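Enquirer: Right, I'll just put the structure down here and ask away after.
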Amino acid sequence: VLSLCCEACKEVIFHVPSELEADTLVGRVDLKECLQTAEMVSSSDGNFKILEDGSVYTTSAVSLSAEKKTFTILLKDIQEDVQKKIRVSLVEEVKKTENTRHARDTVLKRTKRRWGPIPSVMIENSLGPFPLQIQQVQSDTAQNYTIYYSASGPGIDQDPKGLFYIERETGNIFATRAVDREQYPSFQIICFATTPDGYSPEVPLVHTIRIEDDNDNAPYFTQDVFQFSVPENSKPGVIVGKVIAEDRDEADTLHTALKYRIVSQNPPITPAFSLHGVTGVITVLSPQLDRELVSTYTLLVEVRDMGGQPFGLCSTGTAVIRLEDTNDNAPSFKQIQYETRVEENRVNVEVLRVTVVDLDEPGLPGSGAVYEIIKGNDDRSFEITTDKNTNEGVLCVVKGLDYETAKQRILVIAVNNEAPYMLAPHSQQLSQSTCSVTVHILDVDEGPVFKPCFFRIDVKECEEVGASIGRYIAEDPETGNSEGICYRIPPGQCNWISIEEKTGEVRTIKVLDRDVGEMRRGQCNITVLAIDRNGKTGTGTIQVVIQPGNKNYPRIMKTDYIMCRDRKPICLTAQDGDESPYSTPFVYRITDRNLASSWKITRHNDNSVYLSPKGDIPFGIYTIPVSVTDNGGKVGETYIKVNLCDCVTPTECNGQTRQISDGNITLGIWAILAMILGSLLLLLILITICGCCGSGVMHRHVTDDCANHNLIISNTEAPGEEVMDHNIIPLQNTNDQGGYAVKTGDQQTFEMVKGRGHTLESVKGVGHQTLGSVKEGGQPVMDTCRYSYSEWHNFTHPRLGEKVHLCRQDEEQKHSEDYLLSYNYEGKGSLAGSVGCCSDQHEEEALDFLDQLEPKFRTLAETCIKR
């Protein structure tokens, strides 16, 4: 679609096809360029409709029968009463066709002209004359016209009492009376054209009649009275509230363009508020809004349509603005000087009420008074509170006053508000109001008074009965002496002390022991009465505190101990019933000189020490006297019984000294089981040794310990015993180590290997005993390899007992896995036989197999000989 604007607001040309379907976009016209404030847009041709954005659409099928089809777009501004027209021309597009030899003849098709007038407009509340012609609809073929119509107002779908009618012969549409747009904004009329015989050659025509708005409704406020509030002393520009008005006329027109203004203010003083003309928002104008001067403002506001022009319709409303109180006024006393009287010793009595004046609103924190005594009440004898009902200050005496001490008291009272001060702009700082109160104290006859009223007496523990521990007396306040005053202790208190009736002397009536009954608390408060000649009484309190003494001796609670062969030190701990400073730290000492030379004491902490032997002392039971001295110097002696036992664990001794013996030993189940296994193993070893080393059976010469045939040392590079020849010279050495010398040429080298002897620790603690080969006269002799049962038993039994003890303490049986081992079956029937020294003890020559070595072993022997 091509749009060409020849001249603004005069003519627009659209190039379109010759045939246009219904609801086809023809083009778009710039309406704003012609009239910015166009409120009503209509077309002079009913076959076209104009949208708000200027788009032109067909309402039905259109055929361009001539070269150009024209119609007019009507723009109207109702408020400004301005009307403009745009002429629209539709030109058929020129199609380019290719030149062909046989061109077809153009077929002409006749199209009937469509009947359809432009939408009609009727002024609201028109004055006539009626009937008023609205529009005329005509058809080329029909002669009779009828209409059915409906309004677009609420609930109107039929003819509202004959508002419109159409002339049957001419097609003229008439209105019978004026129409209210607020009730019927527009009407849709359906027109039918028929021939005399009843045939309808035309499609029914939908014709719109729009009711043009008339400014017949005045704006009105949504509320009769608008209520607002704002804090006093608010700054200019603070929003107070908003008034709202409405207009029933057509929206977005001058008829509903509202403007607000303040007509009057009450009280009629300097304007305090401003009203925005368009939005209706009320804001603070004056910087001095003082609630104490004016608490409420009443504004008469006006709203007018037509943008506030004088010819517009208007109405008025009311806005009431209340100023909220802020604490901008300090309270002040009505009087500066007050005097009052009160009897001495009176407590919790009201003596005076003071009154203040506050200009702020009553009942709010800004006017609530808070009183304070700022001078003359150092002893806190007075107290002032606020009566919430009257806002007065109530002065009371909370401690008894003494006429003899002071005959009058002068107090200074200050007052503030509950809420903090909020000063007005450019105002001065508020000052605090104060008043002076003179309280005269009246003298009355009083009872005796103890000085001090609370008396503490410290008494040593275990003080003798009847001992004087202090004196507690009272005085007559009027005379200042103690004459004629009697003292006594009321019953029902702890019976520790007594007081002399005339003198006030305090004495003990029982031994004060902190370990007995109620004295365990260490103190007791006792009330004492003082009575004068007139029968008036006074009370005082004596606090008796029992000071701890050094009455107990320190002693060691546990005295029997068992010490095994590991000689682990014994921890001695003493206890003392006294408290600090008569208890710890303790000093321990062995009082027997002979035992002190063999036993020693090592400090652990303030309570404990370690006791241990100094050297290798014999096993046995020792009774050691140990003295313990506390911090107060008291000494207590305790005899410590130590059983120094040859054991691994203390349970083996059972309170008896255990001596080394060859057989009489009692053990537990695990120990017995271990002993049985050990005995079987020992028996097997003895049988093997006896069979291997028996001199009556063996006739061959063995040059070394028979154990070496089974236990061959493999961490040496020296040649084996079976491959020795003349180049290997046996060494003779008296030490625990044996060796060989290998001779190569003229040089001789020596390699030392571990000794063949076994060193067994003697259980008697007398050094080491060697069970090995015995050398006599410097010459080596054959080891018999035979030991007595007692020697093997003394060697194996302590170690087996220690391991059994560890197995009994191990719940997971981890230690037993190291000693009780199970071996897998290795088969039977070896052709090689045994290689031990005792496997062939019945043969004559046990070493003949060395002459029949296989090639690999011969190579090994030759290598060893060369080395």
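From the backbone N, Cα and C atoms, a Cβ is placed for every residue, glycine too.
Okay, these came from TrEMBL:
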type	residues	note
DOMAIN	124-221	domain 'Cadherin'
DOMAIN	222-333	domain 'Cadherin'
DOMAIN	334-454	domain 'Cadherin'
DOMAIN	451-556	domain 'Cadherin'
DOMAIN	572-652	domain 'Cadherin'
TRANSMEM	667-690	transmembrane segment
Enquirer: Taking all residues of the domain 'Cadherin' (124-221) together, what is their mean pLDDT?
Expert: 76
Enquirer: In the domain 'Cadherin' (334-454), how many residues does DSSP assign to helix, to strand and to coil?
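Expert: The breakdown for the domain 'Cadherin' (334-454) reads 0 helix, 57 strand, 64 coil.
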Enquirer: Could you count the residues of the domain 'Cadherin' (222-333) that DSSP puts in helix, in strand and in coil?
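Expert: Tallying H, G and I as helix, E and B as strand, the rest coil: 6 helix, 50 strand, 56 coil.
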Enquirer: Of the residues in the domain 'Cadherin' (572-652), how many are helix, strand and coil by DSSP?
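Expert: Within the domain 'Cadherin' (572-652) the tally stands at 9 helix, 39 strand, 33 coil.
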